């Protein structure tokens, strides 16, 4: 997904040949030896020099790698960010800076479907930089601002990825676009709640500091600090939701877009106790003393600060409590500070009268995750699984489920006319993971926000890109609407179809209309189908594909009633069972499985008998 005219592809930007190339492309920061005033901006920290970039419709200005915090290294590891001190002279902001230290996906080396999400700059703990794209020349009147927060399970991600290129939205829609790096994994979310040395949620605090920077400085770029929209996908969307729920963040933005993620998802937060368990286990794994009641938190964190960054990353995944997918080791913690209560409680009691929110999902939210640990799944075959593999997959996909709850999931998702059909079992496994982690939390959030006064719009994205390299059985996977929202199909070198280019332009208009007015519809367009608000009564949402908008009702309503209403009650009930009753139910479960096995064997025997009679 890297256009050949992309002038910031590699860190080696100092070569004379590259500067010559940039000059030929019209991308240099200077013209005939003079500074281009459009590329010089003064912010509170000092002066910046940006770069002019080409986009298919004309040039844009980009200011890349702007420091907004002091490097969180040494004694600042695990600590809240500190604002960047002023600098002297003109700071070069013509190239992306380091990516925050993180896990790198090596499951399919060289495969574009995984490599596109891997870091494309040097890994470093010195990584708190942000980027600004504006139309060229800069807007003369205040322009709405879009702030992107990347996803990656809170363990990975970078604002410099090619799929997050802000030039298209800036050039085509005339907006100001901002993205930032924030700390992930151990460095952003390791927590010993109550301690000063590692309070937790510092990755979210990185994001908040970037939002504060935007409020203080974006007017210098032509942006309107009074019209700021947050948008993010997956963990980025969950982050957006947490800023909605965190009072100190609420004054820093005005609208929010949550793509395929929510703060109330089962993977998005952990309790203070679980966060401490994971932190102390990581410490033990890397040879540091325990903290808490059995030790000293200060000693534990002091020791962890001496460990190489890669050593911490290498041990991150070993702290999860059970085998699972769509669960991540270090995530936001309910700390009583950034999150004063659980997301569910804050959503239920919040006042959202002044909020406009756009939320949605893609068609096949679960498929991407199956190749990362569910038995029988691979990108290199059709992943036609057996019933035994499906049953094992349910335990991995819903790791918190009791035996009875897992049986309920199996019951709900089995096609009882064809209970052994491999293709159905594959698709059912994808639906289990997607519904549980994304679709039904999104539906729940949309309903609760709408009930409490927010203006909500909802969608399902259904188009599979013609350039997608993942296998057909994956459908429209998690994350693959992003390239259309950012307008990548407008670049002819990327080989999208004409229809996809038109589709991308339509989506860009919906998102920027929402950023301007809180409504994705164009007030000047009376002919196109209207996108209605989502209400608790009508539950209307739209399908986004190559066809005109289609309005539907009830986003997987029956299935989400199972996840959002029935299953929590079942889990609560089974939590109160005494041990004898638990054992009885476990025996009953084994007996049921035995009877199913006996019936299958009997049916097989009966068929053989009939065949022998012929």
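We number each residue from 1, going along the chain as drawn.
For all residues, glycine too, the Cβ spot is worked out from N, Cα and C.
Positions annotated as disulfide bond by Swiss-Prot, on the basis of similarity to another entry: 100-127 (among others). Annotation note: residue 127 (disulfide bond) sits in a coil segment as assigned by DSSP.
Per Swiss-Prot, active site, acyl-ester intermediate is recorded for 234, and the stated evidence type is sequence analysis. There are 30 other CB atoms within 10 A of the CB of residue 234 (active site, acyl-ester intermediate), with all protein chains counted.
If you look up Swiss-Prot, you'll see 288-303 (among others) marked as disulfide bond. In sequence order, 283, 287, 288, 289 make up the list of same-chain residues 6 or more apart from residue 303 (disulfide bond) whose Cβ falls under 8 Å from its Cβ.
In the three-state DSSP reading, residue 296 (N-linked glycosylation site) counts as coil. What Swiss-Prot lists as N-linked glycosylation site is 296 (among others), and the listing cites sequence analysis.
Under 8 Å, Cβ to Cβ, and six or more positions away along its own chain, residue 365 (active site, charge relay system) finds 260, 433, 434, 435, 437, 438, 439, 477, 478. If you look up Swiss-Prot, you'll see 365 (among others) marked as active site, charge relay system, on the strength of similarity to another entry.
In sequence order, 471 are the residues of the chain that are 6 or more apart from residue 381 (N-linked glycosylation site) and have a CB within less than 8 Å of its CB. If you look up Swiss-Prot, you'll see 381 (among others) marked as N-linked glycosylation site.
In sequence order, 435, 439, 440, 443, 444 are the residues near residue 560 (disulfide bond), counting only same-chain partners six or more apart with C-beta under 8 A. In the three-state DSSP reading, residue 560 (disulfide bond) counts as helix. If you look up Swiss-Prot, you'll see 440-560 (among others) marked as disulfide bond.
Among the features that Swiss-Prot reports, active site, charge relay system is placed at 478 (among others). In three-state terms derived from DSSP, residue 478 (active site, charge relay system) belongs to neither a helical nor a strand segment and is classed as coil.
Cβ neighbour count for residue 495 (N-linked glycosylation site): 10 (other Cβ atoms within 10 Å of its Cβ, all protein chains included). Residues annotated as N-linked glycosylation site in Swiss-Prot, with sequence analysis given as evidence: 495 (among others).
All protein chains included, residue 478 (active site, charge relay system) registers 26 other Cβ atoms within 10 Å of its own Cβ. The disulfide-bonded residues under consideration are 127, 288. Their Cβ neighbour counts within 10 Å are lowest for 288. Sequence-distant neighbours of residue 100 (disulfide bond) (same chain, 6+ apart, CB under 8 A from its CB) are 123, 124, 125, 127, 128, 158, 181, 182, 183, 184, 187, 188. Counting every protein chain shown, the Cβ of residue 296 (N-linked glycosylation site) has 12 other Cβ atoms within 10 Å. Look at residue 440 (disulfide bond): DSSP puts it in a helix.
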